[in-house]
Amino acid sequence: MMIDGLPTLDDIPYRGKHVLLRVDINAPIVNSTILDTSRFESHIPTIEALEDSKLVLLAHQSRPGKKDFTSLESHASTLSKLLGKRVEYIDEIFSKGVLRRIKEMENGEVILLENVRFYSEEQLNRSAEEHAECHMVRKLSTAFDLFVNDAFSASHRSHASLVGFVPVLPSVVGRLVENEVTALSKPLKGEGRKIFVLGGAKIKDSVKVLKNVLENNIAEKVVLTGVVANYFLMLKGYDIGEVNRKVVEDNKEDVSDEEMINILKKYSDKIILPIDLGIEKDGVRVDIPLEKFDGKYRIMDIGLETVNQLSEIIPKYDYVVLNGPAGVFEDERFSLGTYEILRAATRAGYSVVGGGHIASAARLFGLSDKFSHISTAGGACIRFLSGEKLVALEVIKEYWAKKWGKS
């Protein structure tokens with residue numbers, strides 16, 4: 001069934017077919033051990049849905065030059081364990097041997113090919129039509145009947161393995177993409193009162209979401225925490241001190257102060273900022289009202305009064321979206337803000353947690369299963385909530401409308 005113009009597995013016959021599935025199982029790796037398998041788990045519904053096909057997976061790990069830029073051998077064994085069936089790993093992407101092995105596949109077999117970023121043209125930022133001409137797509141596409149994109153968390157990138165097959169193979173999205181798009185659309189399009197709680201250190205990301213939900217009248221309130229809140233407190237004229245100013249400057253990128261001051265003025269009744277702060281003084285946590293803060297200490301969390309205020313407000317909303325932690329939650333002295341905001345959100349109507357650090361926090365505090373939806377994506381989720389189009393999904397819509405949906 002189509003969602004918002006996106007064709008899914010329900011729109012195409014795949015039993016007995018050769019299916020090329022793009023997944024995102026990019027994981028934190030230390031000393032060749034995969035530390036977090038949550039992304040692997042998120043693809044299992046799609047892989048299981050395709051169990052009557054001849055299934056080949058494409059994925060990436062890290063990027064060139066990074067320590068964890070590795071082969072996908074351990075990813076294949078991790079997937080095998082989770083699926084309870086063999087996932088064969090091949091250390092190449094489109095050699096003659098690979099193509100021969102794919103042709104010989106039986107229904108129900110699963111193969112994982114090598115890290116697509118080992119291939120030099122993968123990460124070029126090109127259009128689908130240009131990528132369709134590259135070696136990998138030209139060679140591999142001959143062995144498949146259809147392409148499925150299930151890599152929601154990478155779908156904001158116009159890379160070869162994400163967009164290149166769409167012009168040449170009938171293409172749909174997998175269950176994970178379907179779930180993400182459905183769940184993230186609800187707080188943007190649903191009826192009811194909405195509150196967005198934006199924190200973390202990536203000021204530019206939060207500002208993008210803030211602008212979308214305020215300018216398009218989506219959110220009734222936007223709560224700011226973390227480094228983002230400190231930036232807005234600075235704009236309001238509070239002296240947050242040299243050490244905190246530096247953290248803001250280091251994370252601000254190209255956000256315009258002037259534009260943000262105007263937004264603060266225009267939406268002053270909708271933006272909620274901290275009324276007190278959690279700081280570290282002589283090795284212990286101290287909560288200090290905004291008015292009394294002299295900027296001498298590093299801000300580590302929102303303060304206790306702010307926490308109490310938010311714990312009361314958040315559960316009253318029909319929809320709550322959380323993105324980014326409220327403080328340095330990895331240090332238990334300063335985990336209070338993030339923990340209590342997460343807890344309050346579980347009591348709201350429909351609760352969505354963005355990917356990245358806030359999702360890690362939800363897992364750390366054992367709250368993951370209490371939310372309506374936890375996104376697997378960081379950047380792609382932010383872009384979606386900012387109202388931006390995700391290029392790899394738009395290409396699938398476009399080609400379905402003009403080519404594959406008609407055949």
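Note that Cβ sites are derived from N, Cα and C of the backbone, with glycine treated the same way.
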Which of these, Arg15, Arg39, Arg101, does Swiss-Prot list as part of the substrate site with Asp24, Ile25, Asn26, His60, Gln61, Ser62, Arg63, Arg117, Arg157?
Arg39
Pick from Glu330, Glu332, Glu340: which one does Swiss-Prot list with Gly355, Gly356, His357, Ile358 for the same ATP site?
Glu330
List the residues of the same chain that sit at least 6 positions away from Glu330 (ATP binding site) in sequence and have their Cβ under 8 Å from its Cβ, in sequence order, or write 'none'.
none
Can you check which residues sit near Gly355 (ATP binding site), meaning Cβ under 8 Å from its Cβ, same chain, 6 or more apart in sequence, and list them in order?
Ser153, Ile374, Ser375, Thr376, Ala377, Gly378, Ala380, Cys381
Shortest C-alpha distance to Asn26 (substrate binding site) - which of the binding-site residues Gly356, His357, Ile358:
Gly356
Binding-site residues listed as Asn26, Ser62, least Cβ neighbours within 10 Å:
Ser62
Residues within 8 Å of the Asp24, Ile25, Asn26, Arg39, His60, Gln61, Ser62, Arg63, Arg117, Arg157 Cβ centre (excluding the substrate site residues themselves):
Ala59, Asn115, Ala154
